[in-house]
Ligand SMILES: Nc1ncnc2c1ncn2[C@@H]1O[C@H](COP(=O)(O)OP(=O)(O)OP(=O)(O)O)[C@@H](O)[C@H]1O
């Protein structure tokens with residue numbers, strides 16, 4: 001059986017133009033590479049450093065492709081003793097390439113901050129020497145710039161990569177889904193992007209994991225995947241709320257992939273339900289005692305934050321777990337479902353909506369040459385009202401370059417309906433027919449409303465508010481209706497400015 005190719009690998013950017021985010025870093029790297037075309041730059045090696053999964057390695061390879069350079073790579077799985085480095089990178093850095101003097105060979109040293117221990121003995125020193133003597137460009141890649149010995153760092157041009165913004169990851173993830181023929185429910189990509197915390201590799205991996213065996217994914221599928229990851233939290237909840245042994249409960253938290261800050265939310269959410277008495281709504285002693293302990297645990301969590309002293313997590317954990325165990329007045333039996341903290345869900349939904357809103361605002365801002373803020377508060381409303389009119393909707397979608405989710409969001413629909421799909425399909429046809437800047441904002445009906453071209457142009461001017469209709473034409477009912485329609489839209493927007 002063949003294993004499916006990892007999407008993260010399959011969609012690795014091939015050129016610098018395909019790398020998402022970090023424009024300053026890309027610019028710096030490109031201009032450093034161009035210096036090699038005119039000779040040897042002052043700094044012969046660069047260090048790309050930053051968090052995992054933001055495209056450092058991909059950028060190095062994309063650069064080589066763009067410059068048509070060969071790549072010699074030494075990654076962490078290779079033995080990187082002084083000997084090996086000298087044999088591979090050292091000779092590569094001195095020899096000219098098959099393409100002659102003008103062509104270069106890019107030496108890429110991945111995980112350069114991870115060169116210690118016996119297998120890399122002498123490695124950092126050898127790298128330092130090669131950088132001094134090289135005739136070929138060298139790229140070092142590291143998560144932590146401070147993990148590189150300062151003697152090596154002093155000869156490097158440091159280029160910093162930051163975590164990617166959620167809003168730049170969303171369109172790329174949507175493209176991956178589209179290329180894989182995967183239908184995604186509204187908001188699902190936004191949620192995946194947001195969960196990834198700026199790490200594109202993990203976002204693509206999550207998307208692939210949720211998509212296994214499906215050609216359509218919905219928000220419930222993510223909830224199930226999240227639940228699978230959280231399997232151990234349910235065990236801990238069981239020990240805390242059903243058990244009577246405080247020590248065992250505490251010990252189970254050690255294997256948990258959650259911080260005490262997260263665990264306290266779980267306990268807080270479930271305590272009133274798990275320790276509820278027979279009398280509905282009555283606050284039992286178990287609940288009171290439990291909250292007493294939780295509030296003290298919370299004090300310690302506050303101190304951890306304030307003093308950055310993580311040793312105090314220990315006290316917080318003991319108070320919240322053992323405290324909740326001993327708070328119950330009698331053993332609790334029977335099944336009561338454990339729920340994840342509702343606070344997270346609310347915050348997650350808010351964040352996903354915010355990302356979607358920002359993406360739309362960027363598109364409107366680009367189109368109207370206005371700021372994002374002005375676009376979302378003042379202009380977006382007009383567009384959402386126009387989207388309700390089947391005559392204008394495709395042109396608006398085409399002009400702004402909205403995708404289906406964004407269209408659904410702007411019209412306030414909870415899911416993609418057939419009507420929205422049709423608007424979207426018509427918009428794609430419009431985009432295909434004309435170059436983007438040629439798509440008129442107000443699409444004229446296919447069949448002219450008026451019989452001759454001159455009158456048709458007049459109508460176009462009136463619709464775009466360039467001129468008032470001539471007095472005699474006001475009698476033309478169709479024309480007047482159109483004008484009134486537009487006036488109504490504008491009046492309505494002034495009253496109900498986009499609430500999203
Ligand atoms: N900026 C980006 N643009 C496009 N794709 C990206 C980007 N960053 C990461 N990816 C995706 O994630 C995968 C892994 O990226 P890459 O190996 O370049 O990250 P990295 O920063 O070098 O991570 P690490 O430090 O863990 O090695 C790529 O194959 C690509 O699919």
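Just so you know, glycine gets a Cβ as well, placed from its N, Cα and C.
The ATP binding site annotation in TrEMBL covers 50, 51, 52, 53, 54, 55, 56, 57. What TrEMBL lists as domain 'AAA+ ATPase' is 42-174.
The structure, with features from TrEMBL marked on it.
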residue	record	Cβ within 10 Å
50	ATP binding site	21
51	ATP binding site	15
52	ATP binding site	12
53	ATP binding site	21
54	ATP binding site	24
55	ATP binding site	23
56	ATP binding site	24
57	ATP binding site	19
*List those of the binding-site residues 51, 52, 53 whose Cβ lies under 6 Å from any atom of ligand 1, in sequence order, or write none if there are none.*
52, 53
_50, 51, 52, 53, 54, 55, 56, 57 excluded, remaining Cβ within 8 Å of their centroid (ATP)_ = 143, 161, 199, 200, 201
_Looking at the domain 'AAA+ ATPase' (42-174) alone, can you tell me the average pLDDT?_
79
*When DSSP states are folded down to helix, strand and coil, where does residue 55 (ATP binding site) land?*
coil
